[in-house]
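Swiss-Prot annotations:
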- 31-51: transmembrane segment (TRANSMEM)
- 61-81: transmembrane segment (TRANSMEM)
- 121-141: transmembrane segment (TRANSMEM)
- 165-185: transmembrane segment (TRANSMEM)
- 192-212: transmembrane segment (TRANSMEM)
- 253-273: transmembrane segment (TRANSMEM)
- 283-303: transmembrane segment (TRANSMEM)
Amino acid sequence: MIIHISNSSSYIWLSVYFYKEPLSLKLLISIFELSSCILCGYILNLSIFVMLKIQLFHKNLMFLTVPLFAIWHELIIGKFITIAYRLKIVNPGFELGEHTVFWTNDPDKTLEVAGSSGLELLIFGGFLQWHTIYSIVFGILAVATERTIASVYIKDYESKERIYIPIILTIISQLLSISISLAIITQSIGPFLARLPFVICAPLSVLVFLFIKHTNQSLLKEICNPKRTRIFTVSQQCQVKENLRALRLGTRLVVVVIFYISICGFGIAALTFGLIPAGFGHLIENFLFLHPYPICLTAMFSIPQWRDQFKKSILPFLNRRLAKIEQVVTVRIEVNVQNSSSVETDIYFRQLTESWT
């Protein structure tokens with residue numbers, strides 16, 4: 001959605017969409033979206049709970065990874081603000097119209113307004129959505145950088161916290177995310193420069209991934225060699241195995257994310273060029289917003305310890321009920337065994353008595 005302030009050169013670029021639909025249909029779709037987001041939030045928060053309860057990775061890695069999952073809440077706040085404008089719960093005082101293109105320079109497809117009055121909350125929601133997207137992009141690169149540092153400082157990284165590493169990486173990634181998000185909203189940069197962080201970070205992350213994989217596989221091969229001359233401490237061996245475990249998990253998550261981004265990218269392009277009806281924008285938009293479903297489930301089921309805890313926690317009432325049923329069945333079996341033993345004893349003594357009479 002592009003907003004143009006009349007009698008000025010000011011433009012506002014928001015990653016929000018509005019559709020020309022009856023209010024009843026908007027209400028029905030919004031109820032579905034809210035229900036899906038509530039369930040998605042439950043899955044996400046449960047996944048974060050499991051990751052924090054069963055910490056299998058270094059504290060610095062968790063410091064960077066958990067916020068990447070939790071930042072979805074910021075995205076959903078922006079989504080809820082958009083829904084409020086669609087349903088006219090927040091009314092700017094004029095019709096917003098239909099806006100289903102990602103970006104355009106066509107004046108007929110932009111929203112012409114006298115000023116930003118009444119749109120402040122929508123602009124804030126749009127900023128939250130842009131900020132979430134770029135926080136994930138730079139956050140992934142920050143995680144890859146932290147794992148590179150862990151591989152370089154293999155001698156004592158496991159035994160020393162070095163909490164300043166994730167703090168510095170977080171500050172840098174957030175400064176970049178906030179700066180680019182503000183620049184996009186004010187259209188200080190166009191679509192090409194807006195895509196540039198993706199173009200730069202993607203190959204950089206792949207190169208870092210290959211470096212970490214090669215380094216740690218070489219170290220593991222050396223550790224497993226009985227004729228090695230180099231001495232590896234227990235913490236160093238654990239660090240190598242942790243890096244490789246993180247890579248395996250990261251590979252699966254990257255495949256899911258690439259698949260997700262590809263579908264969303266094709267969908268947004270199809271909407272922009274009018275290849276599909278505008279109504280399909282709901283499907284593409286919600287497909288993007290509900291990304292924690294595949295990502296969290298992939299993470300939880302990739303590691304056995306997380307998977308077991310996740311299964312126990314996802315339906316606590318059902319699990320408690322099953323535990324009670326299992327306990328009752330066990331007690332009944334024990335009682336039946338005791339009764340059977342008692343009957344057999346009575347029969348034995350009765351037969352013994354009869355044999356003596």
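Heads up, residue numbers simply count up from 1 along the chain you see.
Glycine is no exception: its Cβ is also placed from the backbone N, Cα and C atoms.
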**Request:** Spell out yes or no: are there three or more C-beta pairs under 8 angstroms between the transmembrane segment (192-212) and the transmembrane segment (61-81), with each pair 6 or more apart in sequence?
**Result:** no
**Prompt:** Other than its close neighbours in sequence, what residues sit by the transmembrane segment (283-303), given a CB gap under 8 Å and a spacing of at least six beyond its ends?
**Reply:** 17, 33, 36-37, 40-41, 43-44, 47, 50-51, 56, 69, 72, 75-76, 79, 245, 248-249, 252-253, 256-257, 260, 263-264, 267-268, 271, 310
**Asked** Which residues, given as numbers and ranges, are at least 6 beyond the ends of the transmembrane segment (31-51) yet have a Cβ under 8 Å from it?
**Response** 62, 65-66, 69-70, 72-73, 76, 79-80, 83, 286, 289-290, 292-293, 296-297, 299-300, 306, 309-310, 313-314
